[in-house]
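The block underneath contains the structure these notes are about, expressed in structure tokens.
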Amino acid sequence: MTAQPAPTPTAAPGGAAEARPVAEVDLAIGGMTCASCVARVEKRLNRVEGVTATVNLPLETAHVVLATDVTDADLVEAVEKAGYTARVTTRRAAAATDRGIPPADQGETTAVATAEAAVRPEDPEAGPRTSADPATEPGPAIGPDRAAGPDRATAAPDDGAAPTDRGVVLAQRLRVAAVLTVPVVALSMVPALQFTGWQWVVAALSLPVVTWAAWPFHAAAFRAARHGASTMDTLVSLGVVAATLWSLWALLLGGAGELGMRMEPTLVPSRGHAGAAPELYFEVAAVVTTFLLAGRYAEHRSKRRAGDALRSLLALGAKDAERVLLTPDGTPRTGPDGARVTERVPVADLAVGDVFLVRPGDKVATDGVVLEGSSAVDTSLLTGEPVPVDVRPGDAVTGATVNAAGALLVRATRVGEETTLAQIGRLVTQAQTGKAPVQRLADRISAVFVPVVLVLAVGTLAAWLLAGAGTQLAFTAAVAVLIIACPCALGLATPTALLVGTGRGAQLGVLIKGPEILESTRRVDTVVLDKTGTVTQGAMALETVVTPSSRAPLDRLVADGPTAADARDALRHAGAVEALSEHPIARAITAAARDLPAGAAASDDGPRVGADGVAVGSLQAFDFRSAPGGGVEAVVRTAHSGLSLGADGAGLTARRVLVGQPAWLAREGVTPEPALDDAFAAAEGSGASAVVVAWDGRARAVLVLRDPVKPTSAEAVRELRELGLRPYLLTGDGEGAALEAARAVGIAETDVVARVLPDEKVDVVARLQREGRVVAMVGDGVNDAAALATADLGLAMGTGTDVAIEASDLTLVRGDLRSAATAIRLSRRTLRVIQQNLFWAFAYNVAAIPLAAAGLLNPMIAGAAMAASSVLVVGNSLRLRRAA
């Protein structure tokens, strides 16, 4: 819910209420195994003055927001007091724009894990790198405007050596335990295999399993006990040790060690028959250890797989760049052969203002602006958009995208943690670290779960003894209670689903800014779509040129058909004039004129270029004048023709061309043309924009322009309807343009709100909310920010402004409205998986513990069930990897 922009956490329980965050720190936590561990670490960290901490079990990390100057050592000490290990991986200055993409200037950042500081004061005096700049020398230092790459400060979680080593250690212990446990189970459970002295062999085979193989459980339990805490490992360790000690007592002192002794196994202890000697439970201790190691190893691998999406995303970045050396005046340095002088450097060495070369097939090293060259850039790896985007000089390019065609010369505008890729990674990580509201109940239960289970185990033992059932049955039931209880499933239910869901969202171009957003997507029943830039392209495009004798669509003009000569001539003259204007309509006309066939210019000299760099035969505009609200005019002539205003003997003319509104043209003495007046009125009535082109006192053509509807918008609206949402179209444009766009995408005319001022968009959203609707808002502009913040769910197009993105809950990187449906569908599915996980975790414990206490479960089965419960939760979450 986003009635207001989501505030950054400010006050820790320990103090600093309402204080402004000064820094954010990420910690790698070692030794956590269950939700009880998470609760304990969070409690310890939040006791530190000015700290707000959130701990994530699958990632084994803690995200800490500091409201006071707390040192890294203070945080590490707090974690160690809880009985766990910690190291600082990232420390950066808190920034309000951290929720947006891509805001500039993130302040100071320190990537502690790499022992490198990345201090970015954004010095406005910092200039581009030159060949004489000593800072261009390779080295580990990172200075002003130089940042560690996204693989440093925003490294993917669990991407270091420790998790890999832990997996190797678990695999080694599991292999040894499995090899030794198989004969133990066979001898203990199959009486026909019980030879003389078999029990002593079983004891010898079991002891390495319950000591060395089970050591991770014992060590973790001991660490927790030293700090007065109990965890899942406490339950496992107590169960294994109790079963082993009972068996050793029975073997050595209880008579079970006599040669020739046989043991009849039973899967339901309460229905077993007491023999002359107490039963041995070596197989229980060994099997429980093996099953739990197998479960822990499967869980470890699943958690690694759950983070694959984020790791693969952050691995997209280029590793090095071909930097162009610059002269002191900022121009590319050239060698004796005239070629640019370049050097291959790591991406981390690029600074803002550096110029680098991107060859065909190379990845763009970092965010920047194209200086030279034209190409098509493949953004599919980053946004999922399958169609390459054409770029020209002046266009922005994003790091990690692939240059598919020509060579590009790019100036870096963002580096390190300021890049789009790095900020996507950080945003996803923060969403994964957060807690959904449904997790709060699980956390509260987990905090007291283990102590309650210990009490239940003691109570079970006492109850069976008081009932006169015998020590062996009482002991078996108590051990089963210890082993079957699983707080781990509770702790993994929400974080693993968030980890996989947000990672999959990043692959699909959907960034979920926090787990609390998921609940909003479930309740939304209405979606308000801003028209410009959301449903439409957000930029004018020439649609048709109308002359008194013809009506020529743009594609026919570009095809150089002989029937469109007058229209093509009018467009070419208008393009020459509008090239000197910055108006959106002017840019559209200029772009369309540029796409006309090159050979159509009034010259047969081909592509020859004059000394002034202007192509011979092209049209040039001089003496440009703009009339606000009316139009523009200029003198247009053929380049290098030597013509002045008026006609020459050959019939070529340098003429004053006017482009604008009919009323203004009339005031300028232009004679109206009835056919063109009708075409102008029809265009305006249909919601299009139109201008008239005139010269020599006569109107020559009407140029009809329109903000075209995106090809995918109609499909997106259909998908939103299938999700149960009622779409509304909201725009500041006139009613004609609004209704035409609504009809094109399938929105009912009654659900169109036109001529809405920016501040009135908030009123429209609020009115729908007062009617009882739960409203989602999709927009991209500055004028959408307030409405995005007011809506119950705000979705910002990634092609929009930073302000709109900052105010939203979900960012759609691709700028494709279908991503809105994908975002809501993925968020709902993630929430559904969380609910399934929590139901299983609660139901499992509610059902399993009473069964174990009633003596209906053998401890071996209890161990297998406990291990399976955690694996099931993680496996269910992994289904989100295939969500679309």
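Just so you know, glycine gets a Cβ as well, placed from its N, Cα and C.
What TrEMBL says about this one:
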| type | residues | note |
| --- | --- | --- |
| DOMAIN | 23-87 | domain 'HMA' |
| REGION | 90-164 | region 'Disordered' |
| COMPBIAS | 90-99 | compositional bias 'Low complexity' |
| COMPBIAS | 108-118 | compositional bias 'Low complexity' |
| COMPBIAS | 144-164 | compositional bias 'Low complexity' |
| TRANSMEM | 176-194 | transmembrane segment |
| TRANSMEM | 200-222 | transmembrane segment |
| TRANSMEM | 234-256 | transmembrane segment |
| TRANSMEM | 276-295 | transmembrane segment |
| TRANSMEM | 445-467 | transmembrane segment |
| TRANSMEM | 473-500 | transmembrane segment |
| TRANSMEM | 837-854 | transmembrane segment |
| TRANSMEM | 860-878 | transmembrane segment |
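Remote same-chain residues near the transmembrane segment (860-878) are listed as 58, 239, 267, 283-284, 287-289, 291-292, 294-296, 298-299, 302-303, 305-306, 479-481, 483-486, 488-489, 492-493, 496-497, 499-501, 833, 836-837, 840-841, 844, 848, 852 (criterion: CB distance under 8 Å, separation of at least six residues from the stretch ends). For the transmembrane segment (445-467), same-chain residues at least 6 beyond its ends with a Cβ under 8 Å from one of its own Cβ atoms are 34-36, 38-40, 43, 230-232, 234-235, 238, 473-475, 477-479, 481-482, 485, 487, 490-491, 849, 852-853, 855. Secondary structure of the domain 'HMA' (23-87) per DSSP, as helix, strand and coil residue counts: 22 helix, 23 strand, 20 coil. Averaged over the domain 'HMA' (23-87), the predicted model has a pLDDT of 86.
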